[in-house]
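The block underneath contains the structure these notes are about, expressed in structure tokens.
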């Protein structure tokens, strides 16, 4: 039977990790495409051609809003058709309710509910469009698409996690720049997106889905007053009620009819006031952000969900052909509104102008509008296709139109270039004809057609590019992750076989090779299955803290049961002294398990966590409401107990007393510094940012760093090599005891220093959980070292790993990005540095898993002692394989399973309603956990290698 | 019904050891345990017109008030060493086991995440008494304080004979059922039955029933094997 050698094991593990990293990065790149977008906002330069830099060099200085407005007017040559805009958003209204589907009219019941709107449509006063929405069909991304015209990705949501403000160029910003006064009534999402833009606003929550009446009443109550006001230029009304009706009762809810009637009343009121018209020409645009399924849900890409409405009421020159309803894209709203109201088209808009809306303008102005839209899209294309320049067409005056009209083909750049040149040439020719006064309708038509050709091709290409997921990349990434997971798991399996074999050789068991599985071992595996299954449910992801706590506690109950089982084996061997020792061991084992259970429950109760029940009472809320007078003592006691328990654990290292005292004293110093910081600076609950505080924190970082590093480097060299009784002359064993002691000491130093660092970094309220976690891990180690028969090492490692994950949530972390502690990330950072803050943020968030990983060294030390006792002649390779392999492979293997499972789930859920709000943030956390495990395992492995090689050197010298 | 049970018990009292019991007898035993629970639920639902979802405290109390005497009286009849231990004493052990088991169950549930607080106290108390009736009380009645037997039933789960099976399997079934019953609690379905301890009680009762069925089929199967 082939056994794994140490080298082979290491190489294979490394290979698996590398494959995993590659696979993960490929997947992330594929799933969250970073779209190359233009930065900045469109300004006056957008009225110049992107291809041929114009001769006159416009030097635009910063101007007042009014100047800017007139400048835009002058540059664009398009006279604005309207003075004011009313944007009425009816959340979740499917276009089918108003316009019908395909050629069928809207269902009778809905037609009857909206008599006024239908009459407007019939008379041709209103023009209706199906405005196709792109997934995710959820309010906020849809609003962004409507005002900025861009098709968003996830990363731009995730990467600015503190602000939901829309920073991209958008219509509201453009209007704001030309000095428009704007009013917003309705969904407060608008206020999150544009916190400073509105002169007056009244935001309503979309939180209580059951409320279908009050949300809309709160919008309409201001309507009469606002319609009489003359100061605003843009009035946004966002009605949420219809979406709520859908969520509670579906499309055919009994409340749907009355709700539509209510909306119809609003439209009637607005239209009447528009007709009376005292404040200039007003355009009413009725849009919905998305549709809904039969059950009233939305988020996906089905026709029902994507079928949003756009209704233009009050167009000046409407034709009287009702009921042919065109389909446009939702992003087309952006350039249309921009051109209608005389502002530059937002820079990243992928939409195309809806030509019908400009019918009232002269032909020249209509062509100019098309030209401006073309230029804007061309610039955007240039950002994505750097080779697109078309500069060859500049300066060369073509003889006239039609000389090179033909099919455009070639690569993407050539096609776009060809289409662009064709349209530009036709336009130029048309203009020169206009000067001569010999305009032909055909020429105009062909120019419009050529422009539309370009616009349509460009827009389609852009939006396909933004939403398309490169299947090959995703599949390749996933395959890589699966492959690495398989490698890790098969390594674990092989290792387990080897270890079993060795054990049998040694103890010469005549029992069958078939190992009897214990409950705890089965359950460790079952936890993996339960977690993987639970990942499929969005609410279980939101409330993951429950699952980890539930699973870990159950596992400890099973361990308790196993401990009770093993008492019986003691009873049968009636040997006074031996039995007494056994009973004592059982007692220690059981009491430490019970301690882990109790502290686990306290940790669970410390932060309620999650998303849905965050407002439930918990210990941290109670402490915070009592004020700092309660928190500070808790903090001080935690620090004291943490240091004490560190000393206590050190005292187990009996034979080298003096050495231990030196080590203990060396981290007493940072502990005192942390104490000083807590007393002096954390009184107000928020970390102080004075220079002294920053300096002190920096000193603490330096001391903790040097102490840890110094001890880790020095311990293997100076660890007294004690002589165990009986085999004093045996160099091997003597040194191996040295190894075990050094690892124990280093492991303890690691976790105590990590704990001290966390006491400093974490919010004051989290100091007690840090202490509890640390003691919990120590108690867990204690229970497994006192159990008979010796538990399998992979079970021990897995148990500690689970404790770490449960602790991660006990520190108040959730799977939403909102709970990342940003305040702590600036502690001791004197100048703004994204990298440093990022590292600190990572350390704060992954305090618990890292603590668990670092504590593996203590487990390792005990294991090497055990294999010493059992072994007759052990070499370092064997020792490394039997001790180090599990603490590295088990976390990597477990994490690889979660990674693969979650990646698959994310792929399956890519059209789910919550893909952006729940599944994608969770994926970020999964990735970060993976990174955390790499780092932890790396630290553990390198420490062990260092210790072994140092003691190996010492062995050579002793010889 | 109670009288019939007593008669059954009296007839078994005369036997001095745990003895082979006929299939019909096993069947009746299992049916009484199962029917007791069903009856309790029926009474709560139809006589007092409360259900677990409406009023968990009241319903749980009704169920354990009906189920506890059935279980105690029934299992006391099968006490170990009937010659050294009177029927009354066995009943007393069962009655003592009721609060003790309730405390154990409540602590276990709290360790696993059951809410703590005065507003939850009565719910948790009634639930844990019911769980005690399912798990601890039968063992207390039958085995008293025999540490070895307790460990055999609970730590090792090695029942021998139909009575052991009837003690062991439904108890484990109730615990495992309650464990699985806790799973829907964090889901955001906003259903009233997701509250503590409603779905956990449903799970426990379902598990108990499954345990009874399993115990009955296994004891039949074992008898069948023995005959062969």
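Every residue gets a Cβ built from N, Cα and C, even glycine.
The annotation transmembrane segment is assigned in TrEMBL to A:12-32, A:471-493, A:522-541, A:547-564, A:585-603, A:630-652, A:659-679, A:732-757, A:763-782, A:794-811, A:878-903, A:923-949 (among others). Annotation source TrEMBL lists domain 'GPI ethanolamine phosphate transferase 2 C-terminal' at A:519-947.
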Beyond a gap of at least 6 residues from its ends, the CB atoms lying under 8 Å from the transmembrane segment (A:732-757) belong to 639, 642-643, 646, 649-650, 652-653, 655-656, 660, 663, 667, 670-671, 674, 700-701, 704, 707-708, 711-712, 715-716, 719-724, 770-771, 774, 777, 843, 847, 850-851, 854-858, 860-862, 864-865, 868, 873-874, 879, 939, 943-944, 947-948, 951-952, 954-955, 958
Cβ contacts the transmembrane segment (A:794-811)/the transmembrane segment (A:522-541), at least three under 8 Å, sequence gap 6 or more: yes
For the transmembrane segment (A:522-541), give me same-chain residues lying six or more residues beyond its boundaries with a C-beta closer than 8 angstroms to one of its C-beta atoms, as numbers and ranges. 547, 551, 554-555, 558, 612, 794-795, 798-799, 802, 815, 894, 897-898, 901-902, 905, 909, 912, 914, 918-919, 922
Checking distant contacts: for the transmembrane segment (A:763-782), what same-chain residues at least six beyond its ends satisfy Cβ-Cβ under 8 A? 588-589, 592-593, 595-596, 599-600, 602-603, 606-607, 620, 623-624, 628, 631-632, 634-635, 637-639, 641-642, 645, 649, 678, 682, 685, 751-752, 755, 799-800, 803-804, 807, 810-812, 821, 823-824, 847-848, 851-852, 855, 858-859, 862
Using Cβ atoms and a strict cutoff of less than 8 Å, what residues sit near the transmembrane segment (A:585-603) while being 6 or more residues removed from its termini? 549, 552-553, 556-557, 559-560, 563-564, 566-567, 570, 619, 769, 772-773, 775-776, 779-780, 782-783, 786-788, 803, 806-807, 810
Given the cut-off of 8 Å on Cβ pairs that are 6 or more apart in sequence, determine whether the transmembrane segment (A:923-949) and the transmembrane segment (A:12-32) share at least 3 such pairs. yes
Under 8 Å between C-beta atoms and at least six residues away from its ends: which parts of the chain pack against the transmembrane segment (A:471-493)? 4, 9, 12-13, 15-17, 19-20, 22-31, 794, 889-890, 892-893, 896-897, 899-900, 903-904, 907
Any residues 6+ beyond the ends of the transmembrane segment (A:12-32) with a Cβ under 8 Å from its own? 153-155, 158, 469-470, 473-474, 476-481, 483-485, 487-488, 491, 888-889, 892, 896, 899, 903, 906-907, 910, 920, 927, 930, 934
Can you tell me which parts of the same chain pack against the transmembrane segment (A:547-564), counting only residues 6+ beyond its ends and a CB-CB cutoff under 8 A? 518-520, 523-524, 527, 530-531, 534, 540, 586, 589-590, 593-594, 596-597, 600-601, 603-604, 783, 787, 799, 802-803, 805-806, 808-810
